[in-house]
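Peer 1: Pulled these from TrEMBL:
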| type | residues | note |
| --- | --- | --- |
| DOMAIN | 70-223 | domain 'Yip1' |
| TRANSMEM | 83-102 | transmembrane segment |
| TRANSMEM | 114-135 | transmembrane segment |
| TRANSMEM | 147-169 | transmembrane segment |
| TRANSMEM | 175-197 | transmembrane segment |
| TRANSMEM | 209-228 | transmembrane segment |
Amino acid sequence: MAAAEGSGAGGTLFPGLADVSISQDIPVEGEITVPVGSHSPDEDYSTLDEPVKDTIMRDLKAVGKKFVHVMYPRKSSALLRDWDLWGPLVLCVSLALMLQGGSADSKDDGGPQFAEVFVIIWFGAVVITLNSKLLGGTISFFQSLCVLGYCVMPLTVAMLVCRLVLLAGAGTVSFIIRLIVVGAMFAWSTLASTAFLADSQPPNRKALVVYPIFLFYFVISWMILTFTPQ
């Protein structure tokens, strides 16, 4: 009864469809899908699928950009956002190799100086990071190591300049030139590191964070300034 009333109502609303019949044997083909948005081919791309050359070039470009940020220090999150330890490792090895062969080294192989540089840089960076965290800093452990390691770059340049100056002699003029270069690079390293780390510290405790950084780069600068080849 209800079906008859429904068909009568359908015929009244759609009079042209009253005489149309659909065969039960007609197959229904096709798919009914709901679009959920465009799918980009880049979503299926993984760094595991790229060539080794592309991976190395991308990492080298990233390290180079961080070196540029250190040479032109300003308040930026570039070193904090994409941190890595490749740059600090290269700088640490380069500085240790250039300090090797000084008069304070062992007469046999000069090993203590190389180990001393590694201990001062990495252990000092760890102590500064822990101090920053205890004072309420928001920076992570490896981000702090990245910033402190990359900011050793000016002092590495100062060590290279000092080695070149010492080739001409170790007189008073040579010492004054080295003092000016090391002093300038020490200030550069300190300002660069504080520029990157300033925003991650509480405003009323920034001085307590900057002081260990000052001592950290001062010790490295003193090692460079007092270096004399055998």
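The chain as shown is numbered from 1 upward.
From the backbone N, Cα and C atoms, a Cβ is placed for every residue, glycine too.
Note that the structure is predicted; figures quoted are calculated from it, not measured.
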Peer 1: Give the one range among 83-102, 114-135, 147-169, 209-228 whose Cβ atoms make the most pairs under 8 Å with those of the transmembrane segment (175-197).
Peer 2: 147-169
Peer 1: When you scan the chain for residues with a C-beta under 8 Å from the transmembrane segment (147-169), skipping those not six or more beyond its ends, what do you find?
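Peer 2: For the transmembrane segment (147-169), the list is 66-67, 69-71, 79-80, 83, 85, 87-89, 91-92, 94-95, 98-99, 121, 124-125, 128-129, 139, 177-178, 181-182, 184-186, 188-189, 192-193, 196-197, 213, 216-217, 220-221, 224-225, 227-229.
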Peer 1: Under 8 Å between C-beta atoms and at least six residues away from its ends: which parts of the chain pack against the transmembrane segment (114-135)?
Peer 2: 88, 92, 95-97, 99-100, 141, 144-145, 148-149, 152, 197, 200-202, 205, 208-209, 212-213, 216, 219-220, 223
